[in-house]
Each structure stands twice: as C-alpha cells, then as structure tokens.
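Here's the structure we're looking at; comments come further down.
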Amino acid sequence: MIKRAALIGLGTMGPGIAARLSRGGLDVAAYDVSDVAVERASGMLDIAGAILDRLDIKAPASGAGTVRFVRTLAETVDGAELVIENVPENIDIKAETYRAIDPLIGSSVIVASDTSGIPITKLQAHISHPERLVGMHWSNPPHIIPMIEVIGGEKTAPETVATIRDLIRSIGLLPVVVKKDVPGFVENRVLYALLREALDLVERGVIEPEDLDTCVSWGIGYKVAVIGPMALLDMAGLDIYKSVSSFLNADLSNRDDVAPMVLEKTGLSKFGIKSGEGMFSYTPEQIKALQGERARKLVAVRRILEGQE
Ligand SMILES: NC(=O)c1ccc[n+]([C@@H]2O[C@H](COP(=O)([O-])OP(=O)(O)OC[C@H]3O[C@@H](n4cnc5c(N)ncnc54)[C@H](O)[C@@H]3O)[C@@H](O)[C@H]2O)c1
C-alpha cells in the first residue's frame with residue numbers, strides 16, 4: 001500500500017488534502033512555487049486537523065503520517081510512490097509540471113491529477129508513462145467531503161485506477177470510479193447543469209438569488225444528501241418523471257455559452273468571496289464568520305449522515 005506521497009500545489013485544495021492523507025497514515029512531502037502559499041498551507045494544517053478530530057477521523061493503528069514542506073520539486077518527489085498534481089486548472093501549467101517531474105520519478109510512480117474536469121486523456125500527452133497517470137478529483141473542502149472521483153484516461157492502466165481506488169478506500173474515504181473520461185467527469189457535470197439552470201432563472205427574473213438558494217438548499221440539496229438522484233427517481237415514481245420531463249426538458253436552459261450575468265460580474269472583478277463581491281457582497285468579518293459556520297454545519301451534517309449522532 002502507498003505510504004509516501006508528494007503533493008504539488010498548496011492553494012485552495014492542497015492543505016486539506018495534505019491533512020487528510022497524513023491522518024490516513026501517509027507521509028506527505030508538500031511543495032508550492034509560492035512562499036505565501038506554503039506559509040498559508042502550514043497554518044491551515046492545524047485548522048484542518050481540528051476539523052478531522054471533530055469528524056472523529058482516526059489515524060490507522062500504525063499511526064498518523066507526517067506533512068513536510070519542501071523547497072524543490074526534486075525533494076518533493078524523492079521516494080514518493082504517488083505524486084498528486086494540484087496546480088491551477090490550466091493545461092499548460094499542468095503539462096509543464098509533468099515535464100518537470102518526468103525525469104525525477106521512476107516508471108512505477110503513479111501521478112494523480114486533481115483536475116476538476118480536463119480530460120485525463122488530454123493530460124496524458126504530456127507525460128512519458130501515461131499508463132500511470134490518473135484523475136483523483138477531490139471535492140472542496142477536501143478534508144471534509146469524503147467522496148473522490150477516480151478517472152482513467154485512454155492510456156491509464158486498469159491497475160493504476162484500482163490502486164488509487166483502493167488507497168482512497170483504505171484511508172476511509174469514498175472512491176467513485178468514473179468509467180468514461182468525459183469533460184467535467186460526473187460531479188461537475190451534474191453541478192454545472194444545476195448552476196446553468198439556476199443562473200438562467202435568476203437572469204430571467206423568475207426568482208431572487210436569495211430565494212433561489214433557499215429553494216435549492218431546502219427543497220433539493222438537503223434531500224439529495226440523503227437520497228441520491230437515481231433513488232429519488234424511484235421515490236418520486238418514474239411515471240411522474242416521464243410525464244413532467246416530457247414537457248419540462250424542452251423548456252430548460254440549454255445555452256452553451258457563459259451566462260451574461262457571470263461575464264458582467266467577472267468583467268468588473270467581482271469574483272465572489274475572494275474579492276468581497278460576486279452574486280452577493282461580503283465584508284471581511286462576514287467572510288470569516290461564513291467560513292466557520294459552513295465548516296461547522298458540514299461537519300454536523302456529515303456526522304448525522306454517517307450515523308455518528
Ligand atoms: N478549488 C476547488 O473547489 C477545487 C475542487 C476540486 C478540484 N480542484 C482542482 O484542484 C486543482 C488546484 O485547484 P486550487 O483551487 O487548489 O487552485 P489554487 O489556484 O488555489 O492553487 C494552486 C496552487 O498551485 C501553485 N502553483 C502554480 N504553479 C505551480 C507549479 N508549477 N508548481 C507548484 N505549485 C504551483 C500556486 O502557487 C497555488 O498555490 C485544480 O486543477 C482545480 O481544478 C479545485
């Protein structure tokens with residue numbers, strides 16, 4: 001079983017991934033080109049560790065692993081059996097990272113990309129052992145959400161997919177194997193279908209943004225956490241779905257460009273929480289409070305869903 005991992009890229013996702021892997025018993029060498037990111041990541045480790053305690057996630061009998069911040073790529077991948085690439089969602093940056101690690105790793109080392117949706121087959125063009133490249137798509141925040149998508153590209157060896165699936169399972173997480181390398185995989189395809197319709201409804205003035213969130217969170221989200229879409233079809237009745245979808249599907253948004261509202265806001269540098277304004281406005285105090293409140297609620301919901309409370 002894999003014991004030593006290298007993690008490249010310590011932005012939004014990196015610190016939580018490092019914390020979760022080490023709690024699962026792995027020794028992680030962590031690297032980022034930015035000193036600021038490394039400093040922030042090292043501060044985040046304790047916060048993520050405290051959340052893992054609240055989730056009652058225990059280290060294996062052999063003990064927790066370690067997280068070591070290192071300063072060069074060569075040190076990062078040295079001795080690693082698994083390299084997790086977690087650099088920005090940009091194929092050029094990812095390709096450059098693969099080219100840089102290629103001469104530093106042996107042919108048996110698995111390289112897993114946390115890409116949110118770039119087909120793994122496209123990434124495989126940039127690495128000399130494509131059979132060892134696999135998608136390992138964590139969900140944000142990665143130390144709290146237990147599901148991880150595992151995706152093989154055209155050239156990924158079945159054993160590579162199986163090794164990552166088994167590793168995820170062995171540290172108490174939920175692997176979901178995506179059988180075809182479709183853009184966005186499954187989680188983001190479903191999420192983006194929902195977001196496209198939600199933005200369209202707000203844009204057309206059908207509903208206010210706050211009310212849209214209330215409708216989806218309490219009407220759908222809360223229920224879907226307990227009953228997934230396939231099970232929901234059975235609960236509602238396929239006959240009902242057949243009759244509603246026969247007229248409703250044709251009326252749903254099928255636009256294939258970016259919603260004008262999003263283009264307008266991004267053009268004004270309104271990116272959301274990170275810039276203090278997006279769909280809603282936030283003061284720095286509100287941001288801090290929201291982050292704490294969301295983590296607390298996600299932990300509480302997960303404990304209930306796992307039957308811990
Ligand atoms: N943010 C999310 O919600 C989310 C969820 C799931 C998956 N992902 C995926 O995870 C990956 C990382 O996303 P993120 O949100 O953490 O990005 P981010 O932009 O927050 O962080 C990326 C980090 O990579 C560093 N970096 C850039 N070039 C590098 C290089 N050549 N070598 C080492 N470090 C480098 C940057 O300094 C930065 O700290 C992306 O592929 C993204 O699509 C993100």
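Cβ coordinates come from backbone N, Cα and C, glycine included.
All TrEMBL annotations are machine predictions without curation.
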Further NAD(+) ligand in TrEMBL, beside Gly9, Leu10, Gly11, Thr12, Met13, Gly14, Asp32, Glu89, Lys94, Ser116, Lys274, within candidate set Asn140, Asn249: Asn140
Cβ neighbour count within 10 Å of Asp32 (NAD(+) binding site): 24
Pairwise Cα distance maximum in Å, NAD(+)-binding residues per record: Gly9, Leu10, Gly11, Thr12, Met13, Gly14, Asp32, Glu89, Lys94, Ser116, Asn140, Lys274: 23
Distance [Cα-Cα, Å, rounded] between Met13 (NAD(+) binding site) and His137 (site 'Important for catalytic activity'): 10
Between His137 (site 'Important for catalytic activity') and Gly11 (NAD(+) binding site): CA-CA distance (Å): 15
Counts by DSSP class (helix H/G/I, strand E/B, coil) across the domain '3-hydroxyacyl-CoA dehydrogenase C-terminal' (184-282): 66 helix, 3 strand, 30 coil
